[in-house]
Amino acid sequence: MKYYLQKLIDGHDLSMVESEAAMGQILESATDAQVGAFVMGMKMKGETSDEVAGFAKGMLNVANMIRPKVDGILVDTCGTGGDRHNTINISTAAAIVAAAAGVTVAKHGNHSFTSLSGSADVFKELGVKIDLEPDLVKSSIEDIGIGFMLAPKFHPAMKRMVGPRKELAVRTMFNILGPLTNPTGAKAQVIGVFDKDLCNLMAEVLKKLGKEHVMVFHGDGMDEISTLSETFVAELKDGIISNYTLTPEELGVARAKATDIVGGTPEENAHDLLYILNGEKGAKRDIVVVNAAAAIYVAGLAISIKDAIPLAEEAIDSRKALNKLKELVEFTSGNKVDNEAFNTGQSLRNEVC
């Protein structure tokens, strides 16, 4: 570890191989003092795409990986978090809608660190058993087309980073590694980031990690495609990274206000998700639809995100998305769900029977 620290002190970048090895030491043998010094030294220098790709590889080397056997491409909708608008759980709802539209979804997520409700929190509120063993998540993806991977279950080595991260209390490279370390090795992803300046960096990293089709975006303070204003996108496709912006008008949805999509506790966000899947129209549905459309697009089921929007809408209006959520709850919990709760937007965590 001393070698890597000295390189940072001297202002030198690490190679991808060095970064991978450094992450291995961080997760296995480095002291808390060494970890803190390394992380802050890297933050002050600024991470390169080679370094971040190496860190991701180092994490994946010790992860509990799974390889679902599926037709087509696996897609993840995991973002970095850091939403300044405290919205509903958009990427969680989008994952369900995309799965109902025919996308095979390997959803990587965690409990909330930056908001009231993370993907794990709202899934738990809905009745999904979130801490399945890896082999059961693999079966979920293969059998029903969607699975949820709770990050600590698949990245147990990261447990030793909880203390140092809390003590540092600033954003570091670990805030962006979650979406880069999907335990299935999903080749297609839609990733929202908390800072526009991260879009191209993340796209470059994902290219180096061998991804095939990725959209990395930031919209008006959100790690989502925004319906409040324009969204900046870095898209990786066929080995080429391109930049462009998306507006609500281009996507055919109404421009919303921040108050229209505000979320709350896991229970409140679970209610909102069920209202959307039961067909309730409005700004919350619109932002879920455009983000689900992005997942449908990178999966290759539509030629553009705009062309994917009707597929997302149909998945909701036909109740396929609601039924997909029921499948996920029943598969993971082993219990039948309360249909009345699903159809009225009640919390399901205590309603499975």
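Note that Cβ sites are derived from N, Cα and C of the backbone, with glycine treated the same way.
Residues or ranges marked as anthranilate 1 binding site in Swiss-Prot: G79, N110. Among the features that Swiss-Prot reports, 5-phospho-alpha-D-ribose 1-diphosphate binding site is placed at G79, 82-83, T87, 89-92, 107-115, S119, with the record citing sequence analysis. Annotation source Swiss-Prot lists Mg(2+) 1 binding site at S91, E224. Taken from Swiss-Prot, the feature anthranilate 2 binding site applies to R165, supported by sequence analysis. The feature Mg(2+) 2 binding site is assigned by Swiss-Prot to D223, E224, with sequence analysis given as support.
Overlay of Swiss-Prot feature records on the structure.
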{"residue": "G79", "record": "anthranilate 1 binding site", "Cβ within 10 Å": "28"}
{"residue": "T87", "record": "5-phospho-alpha-D-ribose 1-diphosphate binding site", "Cβ within 10 Å": "26"}
{"residue": "S91", "record": "5-phospho-alpha-D-ribose 1-diphosphate binding site", "Cβ within 10 Å": "29"}
{"residue": "H108", "record": "5-phospho-alpha-D-ribose 1-diphosphate binding site", "Cβ within 10 Å": "26"}
{"residue": "N110", "record": "anthranilate 1 binding site", "Cβ within 10 Å": "20"}
{"residue": "H111", "record": "5-phospho-alpha-D-ribose 1-diphosphate binding site", "Cβ within 10 Å": "15"}
{"residue": "R165", "record": "anthranilate 2 binding site", "Cβ within 10 Å": "18"}
{"residue": "D223", "record": "Mg(2+) 2 binding site", "Cβ within 10 Å": "27"}
{"residue": "E224", "record": "Mg(2+) 1 binding site", "Cβ within 10 Å": "30"}
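Annotation note: S91 (5-phospho-alpha-D-ribose 1-diphosphate binding site) sits in a helical segment as assigned by DSSP.
You'll find the Cα of the residue listed as 'anthranilate 2 binding site' roughly 24 Å from the Cα of S91 (5-phospho-alpha-D-ribose 1-diphosphate binding site).
Calculated from their C-alpha atoms, the gap between H108 (5-phospho-alpha-D-ribose 1-diphosphate binding site) and E224 (Mg(2+) 1 binding site) amounts to 16 Å.
Between the alpha carbons (Cα) of T87 (5-phospho-alpha-D-ribose 1-diphosphate binding site) and E224 (Mg(2+) 1 binding site) lies a span of roughly 10 Å.
Cα of H111 (5-phospho-alpha-D-ribose 1-diphosphate binding site) to Cα of D223 (Mg(2+) 2 binding site): a distance of 16 Å. Residue pair D223 (Mg(2+) 2 binding site) / N110 (anthranilate 1 binding site) shows a Cα separation of 15 Å.
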